[in-house]
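Down below is the structure, laid out as structure tokens.
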Amino acid sequence: MLDRETTPLYNIAIVSSDSGSSPLSTNKTIQITVSDINDNAPRFSRPMGTVYVMENNAPGAAIFAVTAYDPDQCQYSYVTYSFTENLIQELPLSNYLNLNSMNGTVYALRSSDYERVKNFQIQVRARDAGVPPLSSSATLNVIILDQNDNAPVIVSPSAQSGSAGVEVVPQSAGQGYLVTKIITTDENGRLLYHGLKATYPNLISGQIRYSISEELDRDSFIGNIARDFGLNVLQLSARKMRLASDDGRQYMKVNLDNGVLSIRERIDREFICGSVTPCILSFEIVIENPFEVYRGEVEILDINDNSPSFADNTISIQMAESIAPGVCFPLERAQDPDVGINTVAAYTISPNEHFGLKLQTTEDGVKIAELLLEKPLDREQQAFYQLVFTASDGGSPNRSSTVQILISVLDSNDNPPVFDRAVYRISVRENSPSGTLVIKISAHDLDDGPNAEVTYSFSKLASQRLRELFSVDPHTGEIRVERTLDFEEANSYSLDIQAVDNGSPAIAGYSKVLVKLIDVNDNAPEIKVTSVSNTVSEDVPPGTVISLINVIDQDSGENGQVHCEITKNIPFKLQTSSSNHFKLITSDLLDRETVAVYNIQILARDSGSPPLSTKKTIQISVSDLNDNAPQFTQMLYTVYVMENNSPGASVFAVTALDPDRDQNSIVSYAMIQDLPSSSVISVNANNGDIYALRSFDYEELKSFQVQVQARDAGVPPLSSSATLNVIILDQNDNAPVIASPSSQSGSAEVEIVPQKAGQGYLVTKITATDADSGQNARFRYRVLDASDPNLVFGIIHYSIREEMERGAFVANVAEDLGLNIWRLSARNFRLATADKRQCLEVNLETGILFANERIDREQLCEQMPACVLSFEIFVEEPLEMYRGEVEILDINDNSPSFPESVILLQMAETMALDSRFPLESAVDPDVGSNAVTVYNISPNEHFGLKVETAEDGIEIVELLLEKPLDHERQSSFQLMLTATDGGNPPRSGTARILITVLDSNDNAPAFDNKVHKVSLIENSPRGTLVVSVHATDADEGSNAEVNYSFNNRVSQKIQELFSLDPRTGEIRVQGIIDYEEDDNYSFDVQAVDNGSPAIAGHSKILIKVIDVNDNAPEILLKSVARMVPEDAAPGTVTALINVIDRDSGRNGRVNCEIPKNVPFKLQTTSRGRYKVITSDMLDRETIPLYTIAILARDSGSPPLSTNKTIQISVSDINDNAPRFARPMDTVYVLENNALGASIFTVTAFDPDLDQNSYVTYSFIDNLIQDLPLSNYLNLNSMNGTIYALRSFDNERVKNFQVQVQARDAGVPPLSSSATLDVIILDQNDNAPVIVSPSAQSGSAQVEVVPQSAGQGYLVTKIIATDADSGLNARLLYQVLEATDPSLFIVGHNSGKIRTARGILEQDSTSQSLVILVKDNGQPSLSSTVTIHFSILGNVTEIFSENRNLVTNPEYVSDINLYLIVILGSTSFIFLIIIILLIGIKCKQDKHSPEDYNSPSCCYGLDDANNTFNPRHTLKETLNYTGAGEIVHIPETHHYSVCLSPESAKSDFLFLKPYPPPMSQDEC
């Protein structure tokens, strides 16, 4: 059936697969959508619901909403709601409630009164819009909650006689004496009592307690706390009344306008207190002026607002079908956060015939339910049970919750795996690569769970060789190739496969896989030359056998069919003698003189695809025979003999040549003897000279013919003749005559050959004669024509029994082949066999074939049906080959044997009938009827044998279970398996079968105690033994092995606290046991055996924790004044402290203290409550923060203590003025500074805080060079940064002084001031000025140098000044240009110009120098001066030179006048320069600081050779690290060099020491 709500859409995958080797498959998916019908009624989320309504509710307000869900679609899912009419206090439901039909909201039509109606029940129906419509209903329990709308009525003591009751108290009454008891009634039930007024308040003790129900709305009234504590409502705000709770959460609040204590947020008793009763919220009321603390409690009353609940929606239990009735299974306990009667009170289970409930109540009142098996289970009848487990509480109305119990009945392992096929057949190509899939087998098991999980493997019957060639995947059943499969080694394999399940005991199913190998052409033909004549006579006739060739191809079929050929165009050919046997014979006559050696290449090619081939070359040499007669140069000679010739004279000479070799080529001559001619002529035998024996007479004999014969020395000799007249030659003119068989009746003879004639059968014999003699009479026989050429060849076949002794007669092979016994040795008779072992041999003297050694057929041929030994016989002169074979017949000389003498089997007693167990087949090396034919088993009533024969003839023997097993009656069997062959007499072999019957797991482990109770000290160390549980199992073997563990429903917390050893059952502590967290633990443990399926026994552990003093006191800060003014008076309250110790008795008594060295102390307000107050005056600037360590120590043994630190900050008042870090400071400013740039920052510090420490800066006005300070500087009032408003000039203003004031923002403000000395530092902003020589008349100065001036002659001196100071005023001189650079040098520091060498006559009389003067500033500034020199030898020359130097010589007419003008002008200029230098020097000394000297004449001396050098600028420059700060590099020795104005022509210097420009202290 389809269900749209379960699966609305189906994607169906269609798989089609073929049955090929490595099957192929194709997938196709179709999609089917299920349409909807109205088959589902609306379902409420909760069929039973509870609605809580507070009495005095507003009419028309919504009190609840129901919701139903319909899983159908479209209109079928539209739901409407309605009431099922009933009465409430005899009035219709519609008078009380209204229901919105569309959304299920329930509205109250009137206000409820708890005192009249406490609860009622209604039913709501939900209906869909289908046709026909479907509906369902839900029941709502409406509970009216009480409000505190009735005042208590005092019952006792009675106040009938007035408003006061009198009680008598004895004088001896001690603390805690019961004076009386107030009894009151109230509709709300819970009442609180407290004293409003007392004559002596300290005489009685107590605290206010209120009680309210949980789940009250926000702002619900609790009590009038101001009235109950006797406080003035009007002063609550002024006295800073506040509410403090112990847990920090503010569930309640106080209205400071009316003093009413009300609910701040919804109170859930279960969330706050859990299962603790009673549930108390403690609070404190703190008020000040004066500081007072009032304590109170609010008890939260439980209502039945929680249903019992289970941790899981379902409880899953697994039971073996063999489990016995009476076994209990613990069930999960329902949890109900409510307490008292509102918690879980009862458990029930849905009706069924197999299970019941067993209820127990523990010492702490907890109800425990266990599922009891009352009737045996049968998985085959019902494998699954679904029960409803219900937990109900005792509230009114009661609440309940359900959980489903899902029980799975576990199957026993009584079904073996079954393969899809008993025998699998598959073909595989040989040489398939490793990993090739052969076949995938599959077996299924009817059992469930692990019993149905199947693992595939080879059975024990599979040989090691098969395990090496193939592999079986244990999970998928895929059989793959592991090693190379060789068809030539074996063309098929039989694999025994088993599938074993994971049951206990495991059961196996068996199958056989028959693998047939497909041959591939992987073997090239092999050419074996069994016999060869390497030398062949050239006169051999065609058809002569030269060699015998055997071609072997290990492949089969077409792959093994071999074609053999040799090189063409040679006089040889191959002739097939039988399959793959060839003869190499001559096909034509041989002629050594034409070809003497033949290299014959034999090519063998098979018929495979692709074909494989092999080549082999044999070499045949042609031996020489006397086959060439001597040849004359002419066959006819004409001799002219003069008549009357002298007898004996040579009349002619003949010559004959022979192409043969050696003696066959030696020629001798002779006359062919003829009586007439022999007396007339003769010939020289050696050289062929012809001699006439007589004188011829032409008239008598005109002509005659004689023949001269030339004969070689061969055997037989050959000759030829030439005619010298007439020669008669003897020719071989007589043919052979056939004597037998007679051919009188014709040319053909008929012979009769029997049909059964075998190879080598003698048919007839040919006899012939020849009238010639010698070689001409020798005969050779060969077949010229035949109907079937192969019929003349055959194989001789013999048969003998195996085990014949060495030398045993086989046959007379010489006689059978018609060979002459006497010539066997001469013809080189030999026997060759295919194998290396020479099992056969031939006696060459008798021709008898005999056994050369004992022949064992099983060793030679193993189990091949026909055992044949092939052999070949070779004889020579002529070369002949005969083939034969000897068949070895089997005798019954071997008994059957089993691979193992003992066969071990294990069977579960639940094994089904007709189950099969494969047994190992017996092995008999004999074949045919001598092999194993019959199997028998010793008589028994449970087992039989089943023997099947596979297609390949292999017998499969299986043990068949014919009668059920019973472990209790017989746990083992011993049988005898016998295998008998069919020989005469028969032989047999036996093997023992040992069968063990395994027990089924039908007994659950049982604990020694159903409940274990034990006490445990809290904080026991890890590893502490709690209890050791022990369970026993009546089963045997693994079924009796027990493992201990926690029940599945044991909480994670329990498993973290305790450990359970699975072997020993020891429960030990592994977490922290805390009495204060939980004083007892209850959990279930189970003992599970190792059977399949496993069965568990259960036991409950109850642990009671013994308390120790392990909790240090806990310090709670209820109220802390984090900030206290530093002018606070002693006794000011700064903190409220509660000290709690979770321990009880003496361990919970706490003493509290703080350090003695702080201006604070503790004051006790009540037990465990303290005030921290000031004990002395405070000073924030001395100690701004107090860290007060509070020590709480209990009275336990040993005592435990806790430290808590509170920090109290002292708030600031403005009692400190700002203070500058340095009241006097110096600022260094570099001249030419940028306008608006920061030159310095002043900082003042105020130790006060916040606005009292906010400092502003300002100048105290004063004048700089008669101008206001504000014209020069500006001060940032916020950060004290000073800015320059103009650029300073060191040459005008060198220093000035300012005052800065710092003021805080306190009330009233406080201030202080600091003085700054501002020093202007010099910059290199003035170029050097050249003073001497003067260049007023132009840029050039003329100097006269006498011709006689030598090296070092002082020509003149350059004097220059620089307005800057310090390093910037140090001057350096150097030559820029010179007419002759080698003539003059200038002092680098002094400016003196001297001659560098003596003046030579060839030197020009006019020389020019351009001198550069630069200062030492960065960057350097410079000036230049040009000096012209005249070199004069006498006065005339001087005047002449001077005249040449005058720019306008027309103004000079007289030499004397010219000299006077020059001298006067020079004196005047020199005087002016001296005056100027003195004035400049004085001015600079006046205006320069004391630490500086005139730069125009002062240089530093810093070396030991008294050499004046300027100091290196880069190493002594001023380094400005900040505004107003200067860092100097220390110097060693300093001198002031003062020059007089006349020092241009003087070397005398005045030295005086002077201090460094700036000291280290000033930096």
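Cβ from N, Cα, C; glycine included.
For 2-44, 45-154, 169-310, 311-419, 420-527, 528-632, 633-738, 753-898, 899-1007, 1124-1220, 1221-1330, 1345-1451 (among others), the entry in TrEMBL reads domain 'Cadherin'. Annotated transmembrane segment per TrEMBL: 1457-1480, in sequence order.
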Near the domain 'Cadherin' (2-44), which same-chain residues lie under 8 Å Cβ to Cβ, leaving out any that are not at least 6 residues past its ends?
66-74, 76, 79, 124, 126-128, 130-138, 426-428, 437, 439
Between the domain 'Cadherin' (1221-1330) and the domain 'Cadherin' (899-1007), are there three or more C-beta pairs closer than 8 Å, counting only pairs 6 or more apart along the chain?
no
With the domain 'Cadherin' (420-527) as the reference, which stretch in 45-154, 633-738, 899-1007, 1124-1220, 1345-1451 has the largest tally of C-beta pairs below 8 Å?
899-1007
Per DSSP, what is the helix/strand/coil residue tally across the domain 'Cadherin' (1345-1451)?
18 helix, 45 strand, 44 coil
Please figure out which one of 45-154, 311-419, 528-632, 1345-1451 racks up the most CB pairs under 8 Å against the domain 'Cadherin' (899-1007).
311-419
Summarise the model confidence on the domain 'Cadherin' (1221-1330) as a single mean pLDDT, whole number.
89
For the domain 'Cadherin' (311-419), which stretch among 45-154, 633-738, 1345-1451 has the most Cβ pairs under 8 A?
45-154
Write out how many residues of the domain 'Cadherin' (1221-1330) are helix, how many strand and how many coil, based on DSSP.
7 helix, 53 strand, 50 coil
Provide the three-state DSSP residue tally for the domain 'Cadherin' (2-44): helix first, then strand, then coil.
0 helix, 20 strand, 23 coil
